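A.B. asks: Sharing a structure, written as structure tokens. Questions coming.
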């Protein structure tokens, strides 16, 4: 065989090998570059959440036996053995720089839902005096936080008394303008009922799911109560937000001494709900700043400081840090947290977190901000929480709307921590 033929055979054999090797190298480089970019992952996470079935929200449906259907209490029976009876009646681009008064630099934690590159994130600075536990520039916000009984809602009910059977009949009708207790911007209210001073015999309405203006239309009977005995009783109504996985959250309460009621006229009442004692157990307050950049579709959250935090350790202090969850349609997307401040009940954080939020996702996006107590020997304790969203508590919603109405301007407010 001639030398030219040998060379031609060799070239024809090596060519497929070279092409295969080049293809392998190209695939490896493509996979390596793709792993550095998480834009597709963030995009697909939103698309997947949009396809979720509505029945998965809030942990599914309520269990069928979540409320005791107790409608009647008899006076002559001993405590704890009252008869149970009765039925329900029908019925960014501009990267503005944040600044305040003194000279503490701000830690920036950028996060993007589309890509994780921090090269395009602004460098923020916020000045705040660490020694100052009271922000003199936010007096109006502090007043709003300090109003414990604001916007707890009202409840409507009626009463009548049957002198022949000595039965007090209570009809729980409805409530209006209840505050949102859930992170979804709504509540699942129900009412507990008793005649003080007897606290053992209680009755409850059904839970009205995701409703801030619930209609119950339920009737309860207190049988065998002489009229003169009722004059020494106090009707006690307590409205709760039902929570499937933790303790029910009290919304408000009503005390009505029956000696002040003319039961012969079957009166109907509208009563303002009052705050329940120790409902939030003085958990403390958190100062948070929000800044919205509509062109860049970006929200910057600045965790500034906290004050009067509840002591969680036996030493009479806490080791607080702040955790932020980005939530979309009640699904947790991403978590960020501040550094921990050792043995401090009035910590100053001055840490910033940047989130890129698509414009069409804003209405269903919220931030759960939790103040935690770090513990090395057991699970970290939750001191309190704040939910910033378009539909949340009165002050939280006000803060969100003010952020939207004042683009490219940091808006700071104090928020009372909740359980």
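Note: Cβ is positioned from N, Cα and C throughout, glycine not excepted.
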A.B. asks: Using TrEMBL as the reference, determine which range in 10-37, 38-65, 122-149 is annotated region 'Disordered'.
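C.D. replies: The range carrying the region 'Disordered' annotation in TrEMBL is 122-149.
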A.B. asks: Write down the single range among 80-103, 152-175 that appears in TrEMBL as region 'Disordered'.
C.D. replies: 80-103
A.B. asks: With DSSP as the reference, give the number of residues of the domain 'C2' (282-415) in helix, strand and coil.
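C.D. replies: When I sort the residues of the domain 'C2' (282-415) into the three classes, I find 18 helix, 66 strand, 50 coil.
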A.B. asks: Mind checking how the domain 'C2' (151-271) divides into helix, strand and coil residues in DSSP?
C.D. replies: 10 helix, 59 strand, 52 coil
